[in-house]
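As recorded in TrEMBL:
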TRANSMEM  60-83  transmembrane segment
TRANSMEM  95-117  transmembrane segment
TRANSMEM  137-163  transmembrane segment
TRANSMEM  184-203  transmembrane segment
TRANSMEM  215-235  transmembrane segment
TRANSMEM  370-387  transmembrane segment
TRANSMEM  407-426  transmembrane segment
TRANSMEM  446-468  transmembrane segment
TRANSMEM  488-511  transmembrane segment
TRANSMEM  535-558  transmembrane segment
Amino acid sequence: MGKYSEQEEHLLKHSHNSRKGGLKTMPFIIVNESFERLASFGLQPNMIIYITTFYHMEAAAASSLLGIWSALSNGLAIVGAFVSDSYLGRFRAVAIGSISSLIGISILWLTTIIPQFRPSPCNNQQHGCNGTTTAQFALILCSFGLISIGAGFVRPCSVALGADQLDNKTNPDNERVIDSYFNWFYASLGASTFLALTVIVYIQDNFGWKVGFGVPAILMVLSVSMFLMGSPLYVKVKARGSLFVGLFQVAVAAFRKRHIDIQMINYNDECYYKAPESKCLVPSSDFRCMNRACIIQDPDKELKPDGTTSNPWSLCCVEQVESLKSFLRVLPMWSTSFMPIVSMSIPLSIFQLKTVDRHVFPGHQFEIPAGSFTFFSVFTLTIWNVFYDRALVPLLMSRYPRGLSPVFRMGVGLIISCAAMALAAITENIRRNKAINEGFKDDPNAVLNMSALWFVPQFALLGLAEALNVVGLMEFIYTEFPKSMSSFALAICTIGIAVANSVCSLLVSVVDGVTSAGGNTIWLSTNINKAHLDYFYYLIAFLSVNNFLYFLFVCRFCNHYHDGLNSRLSFEEENEHF
């Protein structure tokens, strides 16, 4: 599990050194993370348009590719955290990740400048145009891969690196300083997301791809430069071993001692191996098979003279066992969050928005970029969080001191997600019928006499669903884990996004393959006036309803695995709601 005392001593030594750490390092770290998010998030909304236009991919294939890219970017956060904790340290991990993102975005930018790096353009989708060569496709995949590696290294390590600079064990206000840092850090990320969805997308729509991809490349140059400039000032905590390895050690040790019959033998407290200064002295009763990992059978062989374990793959401490149990407890509830993220990950709505009137006011020249409509989701999420924290929680404090339970909010978020997809299907049905009635069935680029404001409610509902379900899930997981596993708890949420992106990509591929067989009407055709995107949204809504039923089952199922040892969440409150 690592020697946390060494880390604390390292931080304490530097906290008194005015040349290392402190607030003076914050601009370098926050600018680095904010610009990385601004650059990478600014590429995503319009990327499906770039791929379908210049690489001649169908909408379904492009959507699947982008889903895999997003899944890789989120999933590599676990790899980045592991490599950082075990080998490189946070500073090196962030530096390598930032440089990787810079190279990836630069390659992507070069595909807009050098004609040989991308296929020749097709005129009106004529059959005579040249296809994408293997080298050209490999180049853009290389770009996506480098950007994903960068995100996987920067995002899980940057926030922790900043906390290292401010962590001063002798300061009585240390926790308040750290909390304030987290608030400002995530506020800067919110501002970066807002700018990415508005300014960067607007530049791409109005100044072309060369400028639209060049700006993110310049931002990454500034990001890397700022981060490296602050290098002499950083507190650089050395790699100390990864928590993930500790969890694997429990599984291996329990398997090695599988011959122990824990039900036939009564062990006292002295039979369990406990880490120094650990408050967790006895393992819990659930997942009892894991308790074998911390049972001391032969002290002379399994323990060193100083009391530490001789082989961590044969004997683990009680705290390690309880950490793995915490992970197993949250898996069922964690799996219920996939479908809402799938609903938010579908990039096909940009094709719909390209066909409607996106002007803010009739006769006004300015129009909202199609890729910027995700802003309404972010805006709704922000407004709800402020309203909930500042208005609703104080109103409910007389009965619910902590506000609505995380599980209740997750359930409401799932219901709203179902409603959002049903509304999306209805809106697309209206848009498609209008396109056909106006004679544009064969012209997917025609702009209809239909306001884009029709699409705002579905984006707003998706934002509200995310604010309730995803944020509720984060709080639920955080309360289930010991405080020492806080970073790992939040990493699980990131992995959930990666899994959901993969599910979305697989679902698009399956639906496209099934509906295109036998000459049937393709649901996900690039010509959305001929396609049936509304059917696809109805399918997502149907799956979301089934997911909510699964969620209700998990709510009852989880009660059997909840003994209150590690968790700070009361399930009695949840039963009052459901």
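These residue numbers are counts, starting from 1, taken along the chain as shown.
Cβ atoms are placed via backbone N, Cα and C, with glycine included.
Owing to the predicted nature of the structure, the values given are computational and were not obtained by experimental measurement.
In this chain, the transmembrane segment (407-426) lies in contact with the transmembrane segment (535-558); the count of Cβ pairs under 8 Å, excluding pairs fewer than 6 apart in sequence, is at least 3. The stretch with the most CB contacts under 8 Å to the transmembrane segment (60-83), chosen from 95-117, 137-163, 215-235, 370-387, 446-468, is 137-163. Cβ atoms under 8 Å from those of the transmembrane segment (215-235) belong to residues 10-11, 14, 19-21, 24-25, 27-29, 31-32, 35-36, 38-40, 42-43, 91, 94-95, 98-99, 101-102, 105-106, 108-109, 161, 164-165, 200, 203 of the same chain, restricted to positions at least 6 beyond its ends. Non-local neighbours of the transmembrane segment (184-203) in the same chain are 26, 30, 33-35, 37-39, 41-43, 45-46, 159, 162, 211-212, 215-216, 369, 371-372, 374-375, 378, 382; each lies 6+ residues outside the stretch with a CB under 8 Å from one of its CB atoms.
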